[in-house]
Amino acid sequence: MPKRLDINTILVIGSGPIVIGQAAEFDYSGTQACQSLREEGYKVILVNSNPATIMTDTATADKVYIEPLTLEFVSRIIRKERPDAILPTLGGQTGLNMAVELAKSGILEECGVEILGTKLSAIEQAEDRDLFRTLMQELNEPIPSSTIIHTLEEAHEFVKEIGYPVIVRPAFTMGGTGGGICSNEEELIEIVSGGLKHSPVTQCLLEKSIAGCKEIEYEVMRDSNDNAIVVCNMENIDPVGVHTGDSIVVAPSQTLSDREYQMLRNTSLRIIRALGIEGGCNVQLALDPHSFQYYVIEVNPRVSRSSALASKATGYPIAKLAAKIAVGLTLDEIINPVTQKTYACFEPALDYVVSKIPRWPFDKFESANRTLGTQMKATGEVMSIGRNLEQSLLKAVRSLELGVYHLELEHLKELDKETMKKRIIKADDERLFIVAEAIRQGVTKEEINEWCEMDFFFLQKVENIVNMEREVKANVGNMEVLQTAKEMGFSDHYVAAAWNKTEREIYDMRKESNITPVYKMVDTCAAEFESATPYYYSTYGDENESVRTDRKSVVVLGSGPIRIGQGVEFDYATVHSVWAIKEAGYEAIIVNNNPETVSTDFSISDKLYFEPLTIEDVMHIIDLEKPEGVIVQFGGQTAINLAAKLEEHGVKILGTSLEDLDRAEDRDKFEAALTQLGIPQPVGKTATTVEQAVAIAEEIGYPVLVRPSYVLGGRAMEIVYRQEELLHYMKNAVKVHAEHPVLIDRYMVGKEIEVDAISDGENVFIPGIMEHIERAGVHSGDSIGVYPPQSLSEKLKEQIIEHTIALGKGLNIVGLLNIQFVVFKDQVYVIEVNPRASRTVPFLSKITGVPMANVATKVILGQDLVEQGYGTGYHPEEKEVYVKAPVFSFAKLRSVDTTLGPEMKSTGEVMGKDLTLEKALYKGLVASGINIPTHGSVIITVADKDKEEAMEIAKRFHEIGYNLLATAGTAQSLAEQNIPVQVVNKIDSEDYNLLDIIRQGKAQFVINTLTKGKQPARDGFRIRRESVENGVACLTSLDTTRAILRVLESMTFSAHSMKEITQTKRHEVVHA
């Protein structure tokens, strides 16, 4: 059936900010879909709130709206643009929920808009647990015995009937939000209460736990002619019970017999047909390892995290084809873009093994509960490809960016058998490493299988790796053993340690003995047809399929998995850099390992290598390609950290030299440079011992800011107010020694300013200056940023511009630089300089229209700023106000403190833009998920040091009609200022207390600042967590609170009696 001609304009709904459960995979799928629809001649309008993505570039769609994804704003866009149809299935759960909300509000009917891809009835049948259960029963498809509940009482009734354990799955949520496995009444009460709150329809499915079954996923496609295919099937190494986003996954499935494979394939196709989905769909199934009994777990009637993985694993571009199917094209009409010969109705075939390992944020959140269950906790993932499972797994392990090069962790060697058993049964982020350790210590595969029901096939593969370790250790210098180890995926780093040599020595030994990898192509058809895609993975074998061309080439290093501190912003910069390299006439080669991102779409670069970002893996590519050089500026800290080792190997680092990178990162060299340039900075020194640290802090004076050198995302940074806190930090947060010094700075309570600039060594161009709402001390990634600055005097702005130009030239920067300043007592100080792309590059590029990564790349390749039409100086400011607001995933991470500080905690960001600061803030806050009601109650419990400041805030809340609630201490201070307040009991009170108010939804805001000391700190933590669990906005910075007040005040009409007005006027006369 040819494409539809009765529709012209299509509104695509994006997925909004990156949160746990919904990450960069939707930037990839959304970008693909918009391009795919435009190829077919449709006018595409995009709405998304996330400025950090390629998807929200103006070139992606005919019109791009960066606006909150709420009913209010999307309805406005529909009324203004009058699209013929909307496509919500590429915007993740956000897109689906938005479609349902729009349909129910009546706007779609009012404006004559139809839903493409997945019909509303199919969305509801798949997402509403009750309707889905009914459909499965009609199809005679087995599902675990279950019930739908809307109250806690109903949950208790069901458990009486079938007993524990039970799984709770809230309706219309993603990433398992609010769900979990309950083994007793206490867990049931906690998880069901939370699940009902998180479900927008207050509905949960309670089902008998089938934990321990194999978890299998099928990624299926169907068109309007009822052609349906399986694109890829995947198997979770972790059995049912761990969310698939937190599971280690392999593709294709490894342990299914043909009968099992066909049985589950038929079920998946039967389900997509019954739902009538036109496009992509993900079916999750559980299979009893001891029989042919299977269960349908759930269906995602949309493009998902798994479809991004399936696309990259097979090369089959699911989102691109799903968009074409949505407008009426059929699988037998669409050419497969990979082979450019076969049609899209051919099911992909794989002649390799793909492994995906999640990347968790536990290195950031030491206190988080690491146990894995049905609620997702990973922020991102890595993927690797190999010719055997061992090779594929070990390549994935070293892609994780945890400084780990093998399936072993030093700290696990101390574990006794009982501890290992507990952790393997319970499942946490280190389970696979613990399984390997258990096998090293002689625990049998049978015992491990009994503990966690992991399939013997996977346990055998881990045992093969452990046996190979023994071979390597027993045969030092044996090249045959080395060849076998490399075929199994062992790294030079591991072999070097086992043979007591350096990594470089092993590398040289291999080259001499000709033990080097070859590169194979990902072609969707197991080499049955000739393929046109330059998409490669390394393995050890005979024939190399990646042929070097005669063109000059440049290698760009990507940023690896999405994690806190290094998000999709760096992928954005990487993609723009690749485009600029191509425009400049070079061959662009990209190395990256993140299956979710646009940069690993094979159509972006001239060559894509899906490989770990380690020195060994990158050097193999450089040895083959012999590029002009490597660009490390756009891959975040991942790429910067490889610069020195690459240079040791004789590789040319393009852009800012290694020496100058080091001058910006090394504390003493940086201080010397600033002194030479005459630029002030907060007093600070470097400590290499605990005693030194104590002496420096005494000399500078508390409070001080302490942090390790060379970090991204403020890892292990803290503001310390007295010596006990400093000693606690030195003992727990860092291992200080000569090679890893700790930086100690005077902490200045001032306004923080952030600047991004581009330098060619001679000229320095500044696209934008941003002002942070939160004062210095809150990480820049967690602050609300405002452009253009709203409260900077011209004099201060000039100082900032002068310092930026001096730093760009003085540090010999070639490419991008990001500078953070603090304004303290009308003086500008430099806090830090990052000689690389920062997380604000996409935001400022979109606002100013200066394609920063593109311009910087051309500078790096030798085209100076003047040639490109830019010179030295500050880009004219825009008239509108733009706000960048952070988005957090605290609801997914139990026991993480939500207090903001110098350590970054946000996972994503949104943008709000309008004519005034208040309106832009309103949009930014609403887009980030903060509800802003014009009236209600606010709970105020603040630290003593903040009481004075909190008085003015409380007064303003009272002025606009808010009811104030406070515990005794704060209430007394308020009463002394004649501010009406209602006293509430502290949380340790047996009577109705502060936590009860939060749980019952009787407060709209909670203002709580961090109090140091044991009990108050614990109380504050419980108040903050309770707020998150109950969806109440908890404000831990008084600056953020002031910003929200500005918005509330701008929305509220004043209500003063005439007497108050005349008194105010009389008061003014007296003062005059």
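Yeah, the Cβs are placed from backbone N, Cα and C, and that goes for glycine too.
Every protein chain considered, the tally of other Cβ atoms within 10 Å of the Cβ of GLU298 (Mn(2+) 1 binding site) stands at 16. For the recorded site, GLU298 (Mn(2+) 1 binding site), the DSSP three-state label reads strand. Among the features that Swiss-Prot reports, Mn(2+) 1 binding site is placed at GLN284, GLU298.
Positions annotated as ATP 2 binding site by Swiss-Prot, on the basis of sequence analysis: ARG707, ARG746, GLU752, GLY777, VAL778, HIS779, SER780, GLN820, GLU832. The number of other Cβ atoms within 10 Å of the Cβ belonging to GLU752 (ATP 2 binding site), over all protein chains shown, comes to 24.
In the three-state DSSP reading, ASN834 (Mn(2+) 4 binding site) counts as strand. Sequence annotations record features per position, and here Swiss-Prot assigns Mn(2+) 4 binding site to GLU832, ASN834 based on sequence analysis.
Per Swiss-Prot, the feature domain 'ATP-grasp 1' maps to 133-327; the stated evidence is sequence analysis.
Among the features that Swiss-Prot reports, domain 'ATP-grasp 2' is placed at 671-861, with the record citing sequence analysis.
Sequence annotations record features per position, and here Swiss-Prot assigns domain 'MGS-like' to 930-1072.
Feature annotation from Swiss-Prot assigns region 'Carboxyphosphate synthetic domain' to 1-401; the stated evidence is sequence analysis.
The region 'Oligomerization domain' annotation in Swiss-Prot covers 402-546.
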> In sequence order, what residues of the same chain, 6+ apart, have a Cβ less than 8 Å from the Cβ of SER780 (ATP 2 binding site)?
Replying inline: GLU752, GLU754, HIS772, GLN820, ARG839, THR840
> How many Å lie between the Cα of ARG707 (ATP 2 binding site) and the Cα of GLU298 (Mn(2+) 1 binding site)?
Replying inline: 45
> Where does SER780 (ATP 2 binding site) sit by DSSP, helix, strand or coil?
Replying inline: helix
> Looking at Cβ-Cβ distances, which residues of the chain lie under 8 angstroms from GLN284 (Mn(2+) 1 binding site) while being 6 or more apart from it?
Replying inline: GLU215, ILE216, GLU217, THR244, VAL296, ILE297, GLU298, VAL299, ASN300
> If you average the pLDDT over the region 'Carboxyphosphate synthetic domain' (1-401), what number do you get?
Replying inline: 93
>> If you pair up every Cα among ARG707, ARG746, GLU752, GLY777, VAL778, HIS779, SER780, GLN820, GLU832, the residues annotated as binding ATP 2, what's the maximum separation in angstrom, rounded to an integer?
In response: 18
> Could you tell me the C-alpha distance between VAL778 (ATP 2 binding site) and ASN834 (Mn(2+) 4 binding site) in angstrom, no decimals?
Replying inline: 17
> Cβ-Cβ under 8 Å from GLU832 (ATP 2 binding site), same chain, 6 or more residues apart: which ones?
Replying inline: ILE819, GLN820
